[in-house]
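Quick notes on the structure that follows.
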Amino acid sequence: MTNLQTGPTARGLSRFAIPAVCGLIAFLGYYSQYLFNTSSDLAPGPLTRRESITFNTLLVCLWLTYYQACAVDPGRYKFPPKEKEEGTTIKRGGPATRNARWCKKCNAPKPPRAHHCRHCARCIPRMDHHCPWTGNCVSLQTFPHFLRFLVYTNAALVYFARLLWARLYHGLWDQRHVPAYLGPSVGALLGCTMLSIVWFATQFALTVLLVTTVRSWVLGKTMIEEWEAERHESLLTRSYDGDEYWGADGNGSGFVPVRVEFPYDNGFWTNMTQAMGTGNFLRWLLPVGGGGPRISNDTPWEGTGWEYEENGFNDRVGMWPPPDPEKLRRERAGAAGKWPGAMQNLRAEKPQVEYYRSSEDMKAAFKRRQQDDMRRRQSRRQHSSEEDEIMAELEEDEGYEERSRTRSPPQQGRRWMNSEGDTLWDYGVDVDEEESYGYPGQGVSESVPLVGTATGYDEGQGDEDEDVPLAELIRRRRVKGS
């Protein structure tokens, strides 16, 4: 979905984003000065020396921070060749199980909080999103420059609003009763109108972007992690209502999530010092020399960009991000035949195909299926009266009808979307090229289970009550409630 962060969705339009930003800066920053200084009939007259110096200083800071936000490398992981070669044969319990994620396109382990960017074609450390307006990823290394760009842009817009308001008030409102030939020219009126419209739209958009960006990183979350947290809350809400997760084909996957707290929120000051790379507040806003965190490739799996401090709210480390049931369902189905381990699981789940040697065999098989159908029909008739009694008991439950009404319908579409209609694809994440659970050849069942428990995730625990009659489940619930 198109929005301020993700930019245009049409292929090819993103290449015009940076020229458009430069044109916008030139229009608001330099055309406005030309208009104010050349329109002698536009009160209060040309800019003063102090106003010109202040405004152009803010513009210089804006250009410097924008260049850094566009040009600074978002970060690149460098794995030892031996580790990269042994990645395909790594087993559970080995040294690399500290990271249970694998990037199929990079053919390398994927450190915590990293995502594969479809634009940069590599895994980006602490990826926030790919910004089309800078042509670069907002990540561990580029976030300080991106934040400074937003700060100086909003500061320049606020100061420009002060200059423009003086012309609109003194040049137009104060002279509203003056004859037209004595007031501002048509060109000055048209220029002020255009500047006002463009300024308002730009100021509103960038103020919202600055507030949301600062809020996310003060809480220690990236934009992608906010999306993951919202999806996790949605799955928990549906599980509380008694629903299973819905797959892309509309079929339930039997996935039962448990709550996982976001582990990287260590307090707003610690979060911002980690994001800006220094605890010196004065350096945070320096357009030159402010610096920022750099990934430490000298010691892989240790240091900045490889490991992150957790707050200890979960039972164990490394539980974020919570498992994606849709991705687990696709991997369990074989991931289009790419992974032998997943294909082995798929073959184990495929029903056996019956082959008939003669027409008598076909008739005998048909009779067996017919008898099975008759037994099922008789069983449904026997239990129909019991189901009626059970439904009557459920209707007596005061909260049952309300929960049934408020239950949301299954979400349609190829990917889960947040409240703004965004998917991870909109943030630049190459979701189709990521193997987020386990290593190649292991299969899904060896790496990530589907059912949650109180201390993590365990496989096979969700099927205990599958064959228990509904009446027995209600009896257990009454006993537990009493």
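Cβ coordinates are placed from backbone N, Cα and C, and glycine is handled just like the others.
Since the structure is predicted, the reported quantities are computational estimates derived from the model, not experimental observations.
Around Cys131 (active site, S-palmitoyl cysteine intermediate), taking its Cβ as the centre, 25 other Cβ atoms fall within 10 Å, counting all chains. Taken from TrEMBL, the feature active site, S-palmitoyl cysteine intermediate applies to Cys131.
The compositional bias 'Basic and acidic residues' annotation in TrEMBL covers 357-376.
Taken from TrEMBL, the feature compositional bias 'Acidic residues' covers 386-400 (among others).
As annotated by TrEMBL, compositional bias 'Acidic residues' applies to 460-469 (among others).
Per TrEMBL, the feature domain 'Palmitoyltransferase DHHC' maps to 99-228.
Residues or ranges marked as region 'Disordered' by TrEMBL: 357-420 (among others).
Look at TrEMBL and you will find 436-471 (among others) tagged as region 'Disordered'.
When Cβ-Cβ distances below 8 Å are used as the criterion, the transmembrane segment (12-33) is approached by residues 47, 52, 55, 59, 62-63, 66, 70, 132-135, 156-157, 160, 163-164, 191, 195, 198-199, 202 of the same chain, each at least six residues removed from its ends. Taken from TrEMBL, the feature transmembrane segment covers 12-33 (among others).
Here the transmembrane segment (149-168) has long-range neighbours at 28-29, 32, 36, 42-44, 47, 51, 54-55, 58-59, 61-62, 65-66, 68-69, 134, 192, 195-196, 199, 202-203, 206-207, 209-210, 213, 285, 287, meaning same-chain residues at least 6 beyond its ends whose C-beta is under 8 angstroms from one of its own. Annotation source TrEMBL lists transmembrane segment at 149-168 (among others).
Per TrEMBL, transmembrane segment is recorded for 188-211 (among others).
Residue counts for the domain 'Palmitoyltransferase DHHC' (99-228) under DSSP, helix first, then strand, then coil, are 73 helix, 16 strand, 41 coil. Each residue in the domain 'Palmitoyltransferase DHHC' (99-228) has a pLDDT score, and their mean in this model is 88.
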